[in-house]
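Undergrad: The structure under discussion is supplied below as structure tokens; questions concerning it will follow.
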Amino acid sequence: MSKVQVMDHPLIQHKISYIRREDVGSKEFREIVSEISALMCYEATRDLKLKDVKIQTPICEMTGKELSGKKMAVVPILRAGLGMVDGILSLIPAAKVGHIGLYRDPETFQPIEYFCKLPADCEEREVFVVDPMLATGGSCAAAVQLLKEKGVRHMRLMCIIAAPEGVERMQKEHPDVDLYIGALDERLNEHKYIVPGLGDAGDRIFGTK
Ligand code: PRP
Ligand code: URA
């Protein structure tokens, strides 16, 4: 069974509460999504492996530490996942970026794929799949499935707000993928929106409503 880590860091909780407010406009929403993503990335990378490395400081030689595990990639689920990329790259600038385009059919709620472009060596990388919203879990489960079909074996999923239904679906379909969640909300409504949630993340990031 995968690990589910709900972020309890006060800065993350504070910023998530802020962007839930309906009167927060796109500019501020985007900026804070980016800040939350960086903070979540910091928390979600605590277990990265390190190796000893000999370095020369201006004073003396010493044994320091550097990352030793797989190289990383970030794969946002379009559109809303794009809002999380810059925050993550601010901490992991060498990560490559892939894109998976999925939208949720408003009537069937099924994810529909329209784009996929991944780093050539993505199967050798540790991949962070990112999407602000895990609602039914259909989009994230489909993105992870697509990445598995492309050969990716090591993935983590990072979502700012999740519904219990989405967490359950991910754990059932992809028990090998750890979940990092900013806030675990109550439920889905009849339109499969997260309650209390923050509304439509893509529309709020890009100002399309
Ligand atoms: C939103 C969100 C997720 C998906 C979550 O995207 O960003 O990708 O819905 O819902 P699910 O867990 O029930 O699949 P949307 O389909 O609205 O597309 P957009 O990002 O282009 O707005
Ligand atoms: N997609 C969103 O953007 N918000 C939700 O609450 C559910 C799906």
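Keep in mind that glycine also has a Cβ here, set from the backbone N, Cα and C atoms.
In case it helps, TrEMBL gives these features for our protein:
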- 6-208: domain 'Phosphoribosyltransferase' (DOMAIN)
- R79, R104, D131, P132, M133, L134, A135, T136, G137, G138, S139, D200: 5-phospho-alpha-D-ribose 1-diphosphate binding site (BINDING)
- I194, G199, D200, A201: uracil binding site (BINDING)
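For the listed features, I'd like the structural context: burial, neighbours, distances.
TA: Secondary structure at R79 (5-phospho-alpha-D-ribose 1-diphosphate binding site), taken from DSSP and collapsed to helix, strand or coil, is coil.
Long-range Cβ neighbours of I194 (uracil binding site) (same chain, at least 6 residues apart, Cβ-Cβ under 8 Å): M133, A135, I161, A162, A163, D185, R187, L188.
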Undergrad: Work out how many Å separate G199 (uracil binding site) and D131 (5-phospho-alpha-D-ribose 1-diphosphate binding site) at their Cα atoms, rounded off.
TA: 14
Undergrad: Given the binding-site residues R79, D131, G137, S139, I194, return the subset with CB under 6 A from an atom of ligand 2, ordered by sequence, or none if empty.
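TA: Cβ < 6 Å from ligand 2, in sequence order: I194.
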Undergrad: Should we count any of the binding-site residues G137, S139, I194 as near ligand 1, judged by a CB under 6 A from one of its atoms, and which?
TA: G137, S139
Undergrad: Quick check: with I194, G199, D200, A201 left out, which same-chain residues have Cβ atoms within 8 Å of the centroid of the uracil site Cβ atoms?
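TA: Everything else in range on the chain: P132, M133, I161, Y193, G197, L198, G202, D203, R204.
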